[in-house]
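Inspection log for the structure reproduced underneath, given as structure tokens.
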Amino acid sequence: MTWKNLQIRILGWLMHFGFGADAVFYVLTILVGLLAGLTAVGFHMAMDQVQLLLLGARNVIEITRPWYLLPLIPAGGALIAAILMKLFVPEARGSGIPYTKIAYVANNGYIPARVWIGKFFIGALNIGSGSSLGREGPTVQICGGLASSIGRLFSLRRERIQALVPVGAAAGLAAAFNTPIAAVTFTLEEMVGDLNARVLGSIVLASVSAAVVERALLGGDPIFIVPIYSLGSPWELFLYAVVGIASALAGVAFMRTLLFIRGQWKKLGGGWLSVLATALGGLAVGLMALAVPEVLGAGYSALNKALAAGYAPGFLAMLLVFKLVSTAVSYGTGSAGGIFFPVLCLGAVSGGLVAETANFLVPGLISHPGSFALVGMGASFAAVIRTPMTSVLIIFELTQDYNTILALMVANAVAFGLAKRLHPQSIYPSLSLQDGVALPDHETEHLLHEIHVADAMVTDVFSLPSRMTVREAIERTRDLPFSGYPVLDEKGKLAGMVSQYDFNQARAKQSLDVPLAAVATRNYILHAHPDQSLDSVMAKLGSRRISRLPVVSREDPTRLLGIITAEDVISAFGKTRHERMAGEESQPS
């Protein structure tokens with residue numbers, strides 16, 4: 001039996017039991033969630049086994065290898081990974097989250113199987129050998145790619161395959177981090193860009209399915225031990241604001257360092273010199289590990305100890321600098337691994353440093369220093385990743401304690417605002433932009449939603465009368481740059497739209513002497529209203545791959561008010577954004 005016949009039988013069986021097209025998609029969603037959970041667990045275990053084999057311990061603080069081998073292990077792992085990426089899977093470099101977002105936004109969800117399978121093995125080797133990166137980002141790319149392959153395997157329509165990518169990404173993150181709620185909000189905020197997206201139900205289903213698999217196989221134990229949180233005094237909220245400031249400064253320093261190193265590495269051109277630079281990046285991390293072993297890997301050991309208030313202020317300061325630089329070097333020189341967990345680690349160290357410094361200056365001022373490290377995790381996430389909902393929910397989901405919310409909101413708001421002021425763009429769009437891909441960020445989407453059609457449309461419209469022949473219309477529009485024109489009847493009402501395509505069809509059929517009304521599109525004319533937002537206009541233009549829309553009255557759809565084009569949208573967006581930036585710069589600091 002061929003796969004095609006098996007597909008038909010499966011779909012026929014599902015429809016026999018009353019499953020429609022949407023219900024079949026939900027069944028596939030659950031399948032994606034279960035397989036993503038298995039894949040995420042497999043990636044976790046593979047990475048652990050590589051680390052155990054090469055470093056001799058699952059906990060980097062307990063490494064048993066001789067000191068002189070320590071710099072060589074991350075360097076060797078990075079070298080082998082770099083060679084594999086150079087020869088076979090260049091897309092496996094980095095976190096994988098920007099790549100997955102580009103695939104979702106720009107490539108209709110297409111992720112080749114070669115990419116996510118390669119990322120699985122190369123990521124396990126690179127991170128397991130000591131690269132100062134995390135597994136969460138790679139898991140997003142791996143499971144998003146798995147979902148894309150499943151969609152193609154079942155011959156789904158292009159838009160269904162595209163919708164499966166964030167479903168798989170969320171499922172992978174839910175299994176990797178054991179936080180299904182935060183996985184849902186992160187995927188919607190960062191990848192989809194809309195908390196009300198139609199794919200929300202599918203993302204929730206897949207995330208829950210993946211989390212169930214992860215907990216069944218690994219026991220559902222927390223990644224780290226969360227300290228008991230208590231707000232000793234309302235005055236502590238001021239110190240939590242200081243945590244927000246510290247996390248923002250550390251986060252901005254991290255982003256700028258990473259982007260600078262990566263920019264220099266990209267100038268090498270992707271040849272064998274780049275491979276050597278990746279290996280040297282691994283060597284640099286290994287050398288730093290001689291002084292601070294906690295820089296190896298994502299930072300689970302360092303974060304746990306920071307939460308337990310196990311570090312002195314001086315060592316916390318050194319750990320903050322070393323972890324920041326080691327992660328920036330690992331990522332910036334082209335290793336395969338993510339920054340999701342290292343960012344949380346930087347936040348925990350920043351928060352712990354604030355608490356321990358306060359207690360050093362005023363002994364006994366803070367009764368639970370570990371809670372400051374906990375809040376610092378969320379603040380750092382808000383500063384670097386810029387997903388406000390997730391930055392709060394991820395800590396709340398880990399603690400299951402509502403008492404943390406107030407301190408989290410204070411620190412996260414301060415960190416988010418200050419980091420945005422110092423470095424306007426978050427890390428993932430910055431990385432995509434460095435690769436020459438400008439993805440829509442949250443600010444762009446919100447601004448497009450706020451601007452109305454009335455602010456961007458052109459009211460001086462060139463139109464054609466419906467009684468004019470096609471031949472006359474072609475002659476009249478010969479020197480005009482427009483691709484489409486509204487057609488008005490004798491009363492000045494909108495009778496249809498005619499395009500260059502319609503003119504070409506009339507030429508082919510030798511129907512040049514018929515009136516425009518005979519060739520114009522008259523039924524189901526795609527249009528806009530003055531009170532609609534520009535993001536809805538862009539969605540309509542993209543759905544039909546057209547360049548302009550007639551703007552009509554809501555009370556009378558035949559009353560033409562203007563025309564709006566993609567260029568008008570871009571112009572209005574640029575003007576509004578420039579005005580807002582000028583207004584922000586004129587405000588006193």
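Even glycines carry a Cβ here, placed using N, Cα and C.
Listed in TrEMBL for this protein:
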TRANSMEM  23-47  transmembrane segment
TRANSMEM  67-89  transmembrane segment
TRANSMEM  163-187  transmembrane segment
TRANSMEM  237-259  transmembrane segment
TRANSMEM  271-296  transmembrane segment
TRANSMEM  308-333  transmembrane segment
TRANSMEM  339-362  transmembrane segment
TRANSMEM  374-396  transmembrane segment
TRANSMEM  402-419  transmembrane segment
DOMAIN    457-514  domain 'CBS'
DOMAIN    520-580  domain 'CBS'
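Ranked by Cβ pairs under 8 Å to the transmembrane segment (163-187), the stretches 23-47, 237-259, 374-396 are led by 23-47.
For the domain 'CBS' (520-580), the DSSP-based tally of helix, strand and coil residues reads 26 helix, 14 strand, 21 coil. Across the residues of the domain 'CBS' (457-514), the predicted structure has a mean pLDDT of 88. Within its own chain, the transmembrane segment (67-89) has Cβ neighbours under 8 Å at 50, 54-55, 114-115, 118-119, 121-122, 125-126, 128-131, 270, 272, 274-275, 278-283, 285-287, 289-290, 293, 296, 330, 333-336, counting only residues six or more beyond its boundaries.
Panel annotation: around the transmembrane segment (339-362), residues 95, 97, 132-137, 177, 239, 242-243, 246-247, 250-251, 254, 258, 298-300, 302-303, 306-307, 309, 311-313, 316-317, 319-320, 323-324, 327, 331, 369-381, 383-385, 411, 427 of the same chain, lying at least six beyond its termini, place a Cβ under 8 Å from a Cβ of the stretch. Contact between the transmembrane segment (374-396) and the transmembrane segment (271-296) does not hold: fewer than three of their C-beta pairs are under 8 Å, each pair 6 or more apart in sequence. Sequence-remote contacts of a segment are chain residues at least 6 beyond its ends whose Cβ falls under 8 Å from one of its Cβ atoms, and for the transmembrane segment (237-259) they are 231, 320, 324-325, 327-328, 331-332, 339, 343, 346-347, 349-351, 353-355, 358, 366, 372, 375-376, 379-380, 382-384, 406-407, 410-416, 418-419, 422-423, 427, 430-431, 434. Across the range of the domain 'CBS' (457-514), the DSSP-based residue counts are 16 helix, 15 strand, 27 coil.
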